[in-house]
Amino acid sequence: MDSTEVSPLPEERPSKIGFRKKLLQFVLGILPSLGWIVLYFVLQLLCTAVLIAAGVGGGSLAGAANGDTKGVAVLWGLVVSAIIQIGLIVFYLRKDDRYHRIGLDSFGNMSFAQTASLAFVLILTAMIANFIYATYVIPGIGMQADMAKMLAEIPRTPLNISLGFFAIAVAAPIVEELLFRGLLQNALARFIPIWAAILLASFVFAAVHGQPYAIPGLMSLSIAFGYLYHRTGSLRTNIILHMLNNSAALLLTQSMV
């Protein structure tokens, strides 16, 4: 029997193979999370298009093509797509103990006082950073100008006000925390340090809003929620605090109209 050993490949060859394998694992590992994010925006477009075609809010497909999407139809589209997305994600999380693994079934490993104190410091810091950026870096440019304009054009009926509150203060926090913290941040943290996972998940969150100049401002609050989630381990806590933050921001904005 020939006992001659096969010579190993040059050192750089295994390292390249190892890097490619790790890169493939990374891409495949975060692909499902990115898929959920893409699905959410596809659902928004589809739901809004269907509602405009159905004449909700007096809109039309021709008007939508010219940029006149009719705020009421867009608002309904946000609500309907969010409900569908939440339903799909809940069904997905019921399998393989995912519900528990992302911290949806508890308030985390910190006391209420510790969580409240940390959340206050993080959110206040993010708001200060956001204010400085909006005031001194991009003065005169509203970071959510398009959304504010759309909301201003919607007739202020009780139904529309209720829909707007539900979309911004209830549905958005649930969907965003599930997608960007529960799924994406956790997926990223399997392959890269947690600080990098928080930053990257926050960048994706800010980038999908489609306003490049608003990315730093949007990232600041996302980083705060990402770190809070890392410390507490509770997505339930994040969702509640995100709801409170959005509610306060919405009420403050509307009181100034």
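Even glycines carry a Cβ here, placed using N, Cα and C.
Annotations in TrEMBL come from automatic prediction, not curation.
Keep in mind that this is a model prediction, so the values were computed, not measured.
Positions annotated as domain 'CAAX prenyl protease 2/Lysostaphin resistance protein A-like' by TrEMBL: 161-247.
Summarising the annotation, TrEMBL assigns transmembrane segment to 23-53 (among others).
Per TrEMBL, the feature transmembrane segment maps to 73-94 (among others).
Long-range contacts of the transmembrane segment (115-138) within the same chain, counting only residues at least 6 positions beyond its ends with a Cβ under 8 Å from a Cβ of the stretch, are 107-108, 213-214, 216-217, 220-221, 223-225, 227-228, 231-232, 234, 237, 241, 245. Residues or ranges marked as transmembrane segment in TrEMBL: 115-138 (among others).
Taken from TrEMBL, the feature transmembrane segment covers 158-175 (among others). Away from its own ends, the transmembrane segment (158-175) comes close to residues 40, 72, 75-76, 78-79, 82-83, 85-86, 89, 151, 239, 242-243, 245-247, 250 of its chain (Cβ-Cβ under 8 Å, at least six residues beyond either end).
Marked as transmembrane segment by TrEMBL: 187-207 (among others).
The annotation transmembrane segment is assigned in TrEMBL to 213-230 (among others). Sequence-distant contacts of the transmembrane segment (213-230), counting only residues of its own chain at least 6 positions beyond either end whose CB sits under 8 Å from a CB of the stretch, comprise 103, 115, 118-119, 122-123, 125-127, 129-130, 133-134, 137-138, 141, 143-144, 177, 180-181, 185, 194, 197-199, 201-203, 205-207, 237-238, 241-242, 245.
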Counts by DSSP class (helix H/G/I, strand E/B, coil) across the domain 'CAAX prenyl protease 2/Lysostaphin resistance protein A-like' (161-247): 77 helix, 0 strand, 10 coil
